[in-house]
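Feature annotations, reproduced from Swiss-Prot:
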type: ACT_SITE; residues: C116; note: active site, proton donor
type: BINDING; residues: K22, N23; note: phosphoenolpyruvate binding site
type: BINDING; residues: R92, R121, P122, V123, D124, Q125, D304, I326; note: UDP-N-acetyl-alpha-D-glucosamine binding site
type: MOD_RES; residues: C116; note: 2-(S-cysteinyl)pyruvic acid O-phosphothioketal
Amino acid sequence: MDKFQIHGNGPLKGEIRVSGAKNAALPILCAGLLTADTVSLDNVPNLQDVRTTLKLLRQMGMQAELDGARVTLNGADVNVLEAPYELVKTMRASILVLGPLVARFGEARVSLPGGCGIGARPVDQHIKGLQAMGAEITIEHGFIHARAKRLKGARVVTDMITVTGTENLLMAATLAEGETVLENAAREPEVTDLAQLLVKMGAKIEGIGTDRLVVQGVERLHGASHSVIADRIEAGTFLCAAAATLGDLVLRGVQPDILDTVLDKLREAGAKLETGADWIRLAMPQRAKAVSFRTSEYPAFPTDMQAQFMALNAVAEGTARVTETIFENRFMHVQELNRLGADIAVEGNTAVVNGVPRLSGANVMATDLRASASLVIAGLVADGETVIDRIYHLDRGYDRMEDKLSAVGAKIRRIA
């Protein structure tokens, strides 16, 4: 099982090109199921979850070719309408085949999901929405089994904001008969990116980027070409690493306007920031000031950046309160950060972080995707050697992280 070996050694300096967003690429790949035509994608990140999704689509009969950051999909021969447990258990996003399969083929069997163990993340909103659109759904033997001759447009109000739920129902609605209105829809940039691809494929969607999506169903969708949006969480992770190490870093291939809350918090911590159309520069002249924040749905502070900011706060001046409102059980990195010398106490859904002047290297264990990123940041500023075990979590969401960090001065390597 691979590990990272890190020697904390000073500031990150240079340039990093940010990869395409995992959380946009996965639903966009599944959207290939909605048409028998060819869908061509660029800027697809080289990640374990992407490879798992392609494997799942191929098992269904999809032709899927991967060439660097380019993926070509053709769904003309899709004939297996099932997502098996072996693949779904490793990646919750497999649930995203449910809507497209029911919409185009009238049937789907999808195993109940797995993925990172950070809270319940129920799929009941997906099921409720599809039922409102006329699907008959049963759950038996660990599978969601959905059937519908043709989905019918409906008004769907989800009880909570759900990103994958919005994406699943949006894809299903594109081929439904009549008008579907999705109320309380997720507004994440990755949802917007999916919607923009669907429009290129011939879908009729209004309200893109808002919490109310109105979809006029069409008979069929056609092929299209699309470039996946930049990964705002990868960008934020590298910015936190630069801030923690008192670095000077330029990120290329990013969209600063989808990172507003993260950039605001970095400024509050003392970072000097410059932005252009597709780049961000961060320079950190002195030790960070502790920043308190509360996670919430976009456009508020993203839960996927909570752990990385906690690592920055761990070596900041002062005390920060970090409140997690999206997922329960998302403080598993606290124990590991404390092993490195951090002073963090958890009180319910809030962590109180007392900044310390320095951390010291130790053996730690990654527990989920973003927790592993926080440990990398902590390792970069810790004295001596840090070894992070179970980095397969990290590989699910970061494209060659060690190569990108090494190129800007980090002493980090992958060991078996």
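Even glycines carry a Cβ here, placed using N, Cα and C.
Known features from Swiss-Prot, placed on the structure.
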residue: K22; record: phosphoenolpyruvate binding site; Cβ within 10 Å: 26
residue: N23; record: phosphoenolpyruvate binding site; Cβ within 10 Å: 25
residue: R92; record: UDP-N-acetyl-alpha-D-glucosamine binding site; Cβ within 10 Å: 18
residue: P122; record: UDP-N-acetyl-alpha-D-glucosamine binding site; Cβ within 10 Å: 14
residue: V123; record: UDP-N-acetyl-alpha-D-glucosamine binding site; Cβ within 10 Å: 20
residue: D124; record: UDP-N-acetyl-alpha-D-glucosamine binding site; Cβ within 10 Å: 13
residue: Q125; record: UDP-N-acetyl-alpha-D-glucosamine binding site; Cβ within 10 Å: 20
residue: D304; record: UDP-N-acetyl-alpha-D-glucosamine binding site; Cβ within 10 Å: 22
residue: I326; record: UDP-N-acetyl-alpha-D-glucosamine binding site; Cβ within 10 Å: 21
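In this structure the alpha carbons, written CA, of K22 (phosphoenolpyruvate binding site) and P122 (UDP-N-acetyl-alpha-D-glucosamine binding site) are 20 Å apart.
Rounded to a whole number, the C-alpha distance linking V123 (UDP-N-acetyl-alpha-D-glucosamine binding site) with N23 (phosphoenolpyruvate binding site) is 17 angstrom. Across the fold, the C-alpha of D304 (UDP-N-acetyl-alpha-D-glucosamine binding site) and the C-alpha of N23 (phosphoenolpyruvate binding site) stand 11 Å from each other. Distance between Cα atoms for R92 (UDP-N-acetyl-alpha-D-glucosamine binding site) and N23 (phosphoenolpyruvate binding site): 11 Å, as a whole number.
P122 (UDP-N-acetyl-alpha-D-glucosamine binding site) falls within neither a helix nor a strand when secondary structure is assigned with DSSP, and so counts as coil.
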